[in-house]
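The structure appears right after this line, and notes come after that.
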Amino acid sequence: MLQQLGQLPMGWLLTALLLFVMTAGFSIGRIRAERYSLSSSGKFHSRPNYHGYYVAMWGLAPALILALAYLLLAEPIARELLTRELPAAFHKLPKAELVSYLDAVSAVSAHRTYDGSDRVFTAVTHRYLELSGSLKITTLATILLSAVLGVMFARSHVSPDFRARQQVESGAELFLFLCAAIAIATTVGIVASLFYESIRFFSQVPVTDFLFGTRWNAQTNAEFGAVPLFFGTFMIALIAMFVAAPVGLFAAIYLSEYASRKTRSYVKPLLEVLAGIPTVVYGFFALLVVAPGVRSIALWINATLIDIGLANGPVLAAQPTSALAAGLVMGIMVIPFVSSLSDDVINAVPQTLRDAAFAMGATKSETIKQVILPAALPGIVASLLLAVSRAIGETMIVVMAAGQRARISLDPSTDLTTITVQIVALLTGETEFDSPKTLSAFALGLVLFLVTLCFNLIALRVVQRYREKYE
Amino acid sequence: MSKMPDSSLITPKALKHLKKRRAADARFRLYGIAAIVFALSALTLLVIAIGTRAYSATTQYVFQAEIMLDADLVAPEGETSEAEITRNIEGFYTLVRDKLFAEFPEASQSQAARQDLSELVNRLAVLSLARRVADNPSLIGKSLEVRVPLSDDLDLYLKGGSPKDVTVRVGSAGTIETDVEGKARISSTSGLSKVTSTRSLLEEGKAMGSVLLAGGKAVARIDSLSPDAAELTLLTGTFEQLANAPLVAHIIPLPEAERPISDQQIAWAIALKQAGNARQVLHTSLVTHTDSTYPELAGTLAAIVGSLLTMMVTACVAIPMGIFAAVYLEEFAPRNRLTNLIEVNINNLAAVPSIVFGLLGASLLLGTFALPRSAPIVGGLVLALLILPVVIIASRASLRSVPPSIRSGALAVGASRMQAVFHHVLPLAAPGMFTGAILGMARALGETAPLLLIGMVAFVAEVPNSATDEATALPVLIYSWASNAERAWEPMTAAAIVILLSLLVIMNVVVVFLRRRFERRW
């Protein structure tokens, strides 16, 4: 019996239940208010609909909270209960194995009953189904009970001079506030989970080894010196900015100062297309076109240097995936981030400054170089900072075109690895949440988050100051 | 105006200086144009590089033949239930292979040749045929025209991809002298000298590839070649067929050992194409099949469905949340430190690298809450958090563009603040909010990195049914196809990218349409 309950489709049931509570609550409140207004001649403070909303709100709020709690906590609770009941032999297993065993149990019980020959597994699955069945039925009953209580409580309030509309509106405002607070909750979630996992990592590997060690070999040797990763990230972001900064800046200057309205209306959206292309597409482009191109140029340089006698052997590494390829493509991706923000900033420079410069006899380029750019400088710096932050955090291009080997080399045709590449490498495939190997990904993530946070905060601050200056 | 103003300022030195300044101005303008040209040509190069590769994946070579569905092979135990027939891939494969052997009797001479011939069609390629028969068991025992995809290497060769060959028209064979079994000599006038010169041009200094001579349904390899005569080894067909047809030489510069298909297999491919048994058809399996380890059988269906499920979760969470949050911040929030903090937070979240959201999903949703790995619900939630700031910022801009007079008007006739916002401001701001939401969804659709971290990179061969099933998404599929080494994956990846980009283009077109249709200047 409980086992069958364990396979209840809770998603659909909860949705149906919530919808039912909502409509029932609304009807109950509304009907009661209308009855009152029919029987009594006195004026109602709020319209019957608001009484309906009020009752529905009281029915729905506890039900919704319970349903959310169920969705998030049911699985961990069921697992915890199951783990406690498991025989002692299971507790001797490493934690990762136990987790994957439980994963298998819940995966099997989510779909159909297990019909294999492992009798222990069958027994465990059955027990799991019983546990989750009783959890499910308890939840449904509690939700129903709380909804009924809420509706009854609210219904007793319905009366001609009850201020239902004010109540509903303050409830709605609270809901709106909660939605806005999700943004804070996300940040708190990010910071908390990164810190929590990083602290677990640093309890196994000293912070100094991580920040200043120069050997990274997390997959095989448990060497966690992240300096080569920082170097690779820095190098590739630098190459990207060498492309994006001049191109983006000059494009912005041309579009805002020289181009005709018509050119601008065509070119600007086209440049923004570059920002809309998924990064995995850039990664494929880098892998397919740019990396082989970089490699053949590097090989040609090697051959030429040997030919003219400047070198005895190959000078450049000429790897099939290279920092230069990844950096170039990333630079192209970042162009619109530089150009559109710089464009806004340049446009925001007051026309009077330009007119004054022209009146002094300056040419257009002199006006731009000596008046507009200095005035727009903070905004431009901010746009460059945002672009750098974008380049540091970019993942797919480097995963596909930058390589996996952690090393420090100034040769742009060699393959470097970055923070994001290593995070992906460490967390894809089978992961165990306890090994320092997996946890190191979170430490890297923390570094990435903090660095980009600094860049973003500075940039946002600068932009805000700048806006205030000219508004 | 007619005479030069008499001024001491206009000296030759000043004119020279002016000229220099004007040149600097022109140069500066040129830099701007160069920057734009660079950015746009990078975009063009990207589109062309992917477009040309995707184009070759729009068609596929199939082996097409009339096959008698022998009941003994298809349903050996008289069992015609759907599952039983679908499971019997071996029987269908035998049917197709026997048809190939009937076409090329020379292949049954040795074990190696049999092996070579079986490689033309992958064992699993008959799966769709098996499903078709399983759906309609009355086909058993009847003759049926079947189409089975040829192996990826053969497909690549026939499309002119790799190994590349150069064809030269040789003309009629002239005289064919057969001496030993399967060997012959021909002497042709002008044709062979053309072949010789082309070949020496192609192979300059490199290892020798092969030259195949095809005529009608027969193909022979040229063993030794001189401008007026050539020694041939017959690969398929007969010398009579060769003698009676105009000959074409296929020069393949890559040596046999360095390519995935042998001379014999190329010969069969040419013969199949000549006989009309190898047909180039529209590559529909690209959108009707799920993922496979063999490029000729792989398709994007499961990934597209997975992406749709993920997007549904994202839309259900991010759009209402984002709009409500924007309404609160724009219309109700008191100016205090808390709302200020929320505001800074949102702006900052918009710039947090997407992979960090993946880490959040991996640690919190998978770790703490034990939600299922690789499931669209987790992917959807992570992407929803990722695009929430985008939706909020766009919705706020849209709300801000509604003039305050609307609010004042509503408040003046006695509406409450909530009523003024929900009855009057929100409907006017809705198109703008909607465009913001679609742009956010477009960003979520193309996002890959966070999905990798929550395990949506697993190989999924079944179309997911619900948001808690194991699934993958289109960009992740592109990533995993791009990391495959085989050449044949390249056009497939490009084609998957084209599918993804077309979805994005559709979303953006909707945005542009909405803007044109509903944009209002106050």
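Here, residue 1 is simply the first one shown, and the rest follow in order.
Note: Cβ is positioned from N, Cα and C throughout, glycine not excepted.
Features of the protein shown, as given by TrEMBL:
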type	residues	note
TRANSMEM	A:12-31	transmembrane segment
TRANSMEM	A:52-73	transmembrane segment
TRANSMEM	A:137-154	transmembrane segment
TRANSMEM	A:174-196	transmembrane segment
TRANSMEM	A:229-255	transmembrane segment
TRANSMEM	A:267-291	transmembrane segment
TRANSMEM	A:323-342	transmembrane segment
TRANSMEM	A:371-392	transmembrane segment
TRANSMEM	A:441-463	transmembrane segment
The transmembrane segment (A:137-154) in contact with the transmembrane segment (A:174-196), cutoff 8 A, at least 3 CB pairs, sep 6+: no
Contact between the transmembrane segment (A:174-196) and the transmembrane segment (A:441-463) (3 or more Cβ pairs under 8 Å, separation 6+): yes
Sequence-remote partners of the transmembrane segment (A:441-463) [C-beta within less than 8 Å, at least six residues beyond its ends]: 190-191, 193-195, 197-198, 201-202, 210, 224, 226, 229-230, 341, 345, 378-379, 381-383, 385-386, 388-389, 392-393, 419-420, 422-423, 426-427
Residue numbers, six or more beyond the limits of the transmembrane segment (A:323-342), whose CB comes under 8 Å of its CB atoms: 232, 235-245, 247-249, 251-253, 255, 268, 271-272, 274-275, 277, 279, 282-283, 285-286, 290-291, 293-294, 376, 379-380, 382-384, 386-387, 390-391, 394, 397-398, 401-403, 412-416, 463
Residue numbers, six or more beyond the limits of the transmembrane segment (A:12-31), whose CB comes under 8 Å of its CB atoms: 48-49, 51-60, 63-64, 67, 70-71, 140, 143-144, 147, 150-151, 154-155, 158, 164
